[in-house]
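J.: Relevant sequence annotations retrieved from Swiss-Prot are reproduced here:
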ACT_SITE  Glu180  active site, proton acceptor
BINDING   Asp44, Asp83, Glu113  Mg(2+) binding site
BINDING   Asp44, Ser45, Asp83, Lys111  3-methyl-2-oxobutanoate binding site
Amino acid sequence: MSITIRTLQKRKQDGGKFSVLTAYDACFSRLISEAGVEAILVGDSLGNVIQGQTSTVPVTLEQMVYHTQCVARGNQGSLIIADIPFMGAATLERTLNAATALMQAGANMVKLEGSAWLAEAIEVLNRNGVPVCAHMGLTPQAVNSLGGYRVQGKDDDGAAELLNAAKILDQAGTALFVLECVPRALSAEITREVAAPVIGIGAAPECDGQVLVMHDMLGISPGKPARFVRNFMAETGDMRAAFKAYDDAVKDGSFPADEHCF
């Protein structure tokens, strides 16, 4: 059975959880979807883990289209979310062009990084049959503006701004949210306050779903792992088992634990 946005909306309504992993090719797309993971994110994180870049900024739309096509060919029924890359949402015209290319490549939804200013684009995309996932908190495409990879919403003003932006985008018709590196209490509050399902990464177990970069949860990314990462490969010794263990841990609430949150 294919997973749709309605599946994830009902999961939230019923108080259940769902899992998301990144994939960039047909082989891993198949393995991840066969493990029961509800959604696959074709992330611009491919810049880091596939291309060896130091950020996601160099990733192009053409590259995102190519990897989305690859993932779509291997997918066995998971919902496919594709990132609109750096500067892809600089104007409404660019956003529409990028969304068209990614949806025609096989995505079921596009993901935009930003804040309340995304509302107009989300409304227009919705009218044209394109569901949107809004990525808030730490937005890696803005790493140069943020001054590094830092937890967002730590002080009262930052928290209020994030919560207000989430409500605005929820009203605009956002289908899903991703909260990255947002304090646990704030992540839980946003999850309660918005109708759309919320996916966490370095956020809170109270979020409706969780996402990790595949290479991180397999323990094969270079460098020191982020606080929110758990190495499921080390626990299982097998990739298929690692994907299943991750899915199980998200759904039974054992991941993320306190040590994975801020």
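Quick reminder: no glycine exception, Cβ is built from N, Cα and C everywhere.
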J.: Around the 3-methyl-2-oxobutanoate site formed by Asp44, Ser45, Asp83, Lys111, list the extra residues of the same chain whose Cβ is within 8 Å of the site's Cβ centroid.
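T.: Same chain, not in Asp44, Ser45, Asp83, Lys111, Cβ within 8 Å: Thr22, Leu41, Val42, Gly43, Leu46, Thr56, Val59, Met64, Ala82, Ile84, Pro85, Glu113, His135.
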J.: Quick one: pull the CA-CA distance for the residue listed as 'active site, proton acceptor' versus Asp83 (Mg(2+) binding site), whole Å only.
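T.: One finds 15 Å between the Cα atoms of these residues.
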J.: By a simple count of other Cβ atoms within 10 Å, which of Asp44, Glu113, Glu180, the recorded positions in the record, is least packed?
T.: Glu180
J.: Write down the Cα-Cα distance for Asp83 (Mg(2+) binding site) and Ser45 (3-methyl-2-oxobutanoate binding site), rounded and given in Å.
T.: 9
